[in-house]
Amino acid sequence: MLKVIQLDKTYGSNKHSLKAVNFTAKPGEVTAIIGPSGAGKTTILRSINQLIRDDSGQILLDDTDIRQANKAELRKVRHHIGMIFQNYNLISPLTALENVLHGRLGAKSTVAGMLGLYSSAEKQEALQLLDEVGLKEYAYQRCDQLSGGQQQRVGIARALMQHPKMILCDEPIASLDPKSTTIVMDILRRLAKEKQLIILINLHQVDIAMAYTDHIVGINSGAIVFEGATNEVDDAVLQHIYRQPDQSTAVAANEN
């Protein structure tokens, strides 16, 4: 389980990006973070894997406080946290298979990683993961020859190659057409259930969050204003999450 406790982040002249953020995300569930642009959604994800350093709080993955990890410990923790990006973050001239294999780099020595030394078992696993996302037939095709939706599925397979406990998805469908969006979200939901993964996803599309996720975290101006099961979200909750800063803040964040 992921537990974020009293997470605070300040930029510049005491401008709060995150204000005492608290929420949980469970294995086997897709948890969506929703809220207005600039509310702090991406900052939360980047704080979880410490791509940016927050100011205070706790980030517990199982019993490990990621914030307290030293450099060597953080490298090990990150190996169990997959990341899926809006812009795919693939090495375009390489094949789909080669990109998926890069998911094992965190488990290899620097020399083995630089030389691209992968075992036959790792190559078979990468092929199996491409099959799981419906791309086995494209294994030896360059990624810059794939569609955006196909590239995002390669990114999912690469994240799975890390043997993760959790996958962080930063606006993974923002650049996709409706058909590709459906395919990607179906895959993420299936993987959460089958592999008992924590899937934490930032979304601007409320309809997609309502259709594909189990748990909703609503953020506004850096503060969590709602947390609960997706089926608890109604129009009043959405209006509260997406309210303008000067509007009433009468609804308290759900503790579930």
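Backbone N, Cα and C define each Cβ position, glycine as well.
Database features (Swiss-Prot):
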BINDING   Gly35, Pro36, Ser37, Gly38, Ala39, Gly40, Lys41, Thr42  ATP binding site
DOMAIN    2-246  domain 'ABC transporter'
Exercise. Going by DSSP, give the three-state secondary structure for Lys41 (ATP binding site).
Key: helix
Self-check item: Residues near Ala39 (ATP binding site) in space but at least six apart in sequence (CB under 8 A)
Solution: Ile219, Asn220, Ser221, Gly222
Practice problem: Can you check how the pLDDT averages out over the domain 'ABC transporter' (2-246)? | Solution: 93
Exercise. Can you check which residues sit near Thr42 (ATP binding site), meaning Cβ under 8 Å from its Cβ, same chain, 6 or more apart in sequence, and list them in order?
Key: Asp170, Glu171, Asn202
Practice problem: Using the centroid of the Cβ atoms of Gly35, Pro36, Ser37, Gly38, Ala39, Gly40, Lys41, Thr42 as reference, list every other same-chain residue with Cβ within 8 Å of it (recorded ATP site), in sequence order. | Solution: Ile219, Asn220
Quiz item: Which Cβ among the binding-site residues (Ser37, Lys41) has the fewest C-beta neighbours inside 10 Å?
Solution: Ser37
Quiz prompt | Gly35, Gly38 as binding-site residues, winner by CB count within 10 A | solution = Gly35
Quiz item: Near Pro36 (ATP binding site), how many other Cβ atoms are within 10 Å of its Cβ?
Solution: 17
